[in-house]
Amino acid sequence: MSGLFDLPSDLQHSYLGLVGLHLREALIPVAAGLLLALPVAQLCVRLRWLYAPVLGLTTVLYAIPSLAFFVVLIDYTGQTETTVMIPLAVYSLVVLVPAIVDGVRSVPQETLDAATGMGLGPVRRYFQVQLPIAAPAIVAGLRVASVSSISLVSVGMLIGNQGALGNMLYTGMTYGRPRLIWLSVISTAVLAIAVDALLVLVRRILTPWMPRGTRPRPAVDPAAADRLATDGPGPAATARKDAAR
């Protein structure tokens, strides 16, 4: 089993080292994107006309291929982790900004009025009332951004050994080692699933008021309700009522 995780020396990292590097290069940009998205989303909520331009700008940036983004940044940041992280942070904005805006806008006006009546200013109301209520939508955006970031880190293998688990994939393809290829692909998928599951757990911790594992009661058939109101209960129901008397 230990031989499965043995890596060539030119990868410069052990298997666990590559896993840690992959998580760092994937999740730090998402965290940075969240810190930037929070104030931007608040501006979009307060200034509704600003939302469309911001969303358009982030969508245009998201449309830039990651490899092209890396090539442009190399002249400024070199062949470093920063070159990989900056595009991933920008890409996360196209998911996080709409998620936060939609979540904050879903807060009932009565709740905001009550918070204002308690003396909360706009900033405190945003962080103490709106964001906690919007937590499910925000975590949903984080799940999408995190999984996307984990998958895109591997592209960094093309700009100088900065792709973490993608470096293993590149080495496997270069030297014809299927074991390294499969190990890279499976490890990336497992990381994405694990991070997604962790965020689901975080959402449950942050939103204990949300029901889990419950199913809504089936709605009454409108046609049956109309018949009941017009014709009264059927013969069987009438017989049961008479017997009860």
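Heads up, the Cβ atoms here are built off N, Cα and C, so glycines get one too.
What TrEMBL says about this one:
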COMPBIAS  216-227  compositional bias 'Low complexity'
DOMAIN    19-203  domain 'ABC transmembrane type-1'
REGION    215-245  region 'Disordered'
TRANSMEM  15-38  transmembrane segment
TRANSMEM  50-72  transmembrane segment
TRANSMEM  84-101  transmembrane segment
TRANSMEM  133-160  transmembrane segment
TRANSMEM  180-202  transmembrane segment
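Residues of the same chain lying 6 or more positions beyond the ends of the transmembrane segment (15-38) and with a Cβ under 8 Å from any Cβ of it are 5, 7, 81, 84-93, 96-97, 100, 131, 142, 145-146, 149-150, 152-153, 156, 162, 164-165, 167-168, 183, 187-188, 191, 195. Long-range contacts of the transmembrane segment (180-202) within the same chain: residues 4-5, 7-8, 15, 19, 22-23, 26-27, 139, 142-143, 146-147, 150-151, 154, 165-166, 168-169, 171-173, each at least 6 residues beyond the stretch ends and with a Cβ under 8 Å from a Cβ of the stretch. Counting same-chain residues at least six beyond the ends of the transmembrane segment (133-160), those with a Cβ under 8 angstroms from any Cβ of the stretch are 22-23, 25-27, 29-30, 33-34, 66-67, 70-71, 74, 79, 83-84, 87-88, 91-92, 95-96, 98-100, 102-104, 106-107, 111, 166-167, 169-170, 184, 188, 191-192, 195-196, 199-200, 202-203, 206-207, 210.
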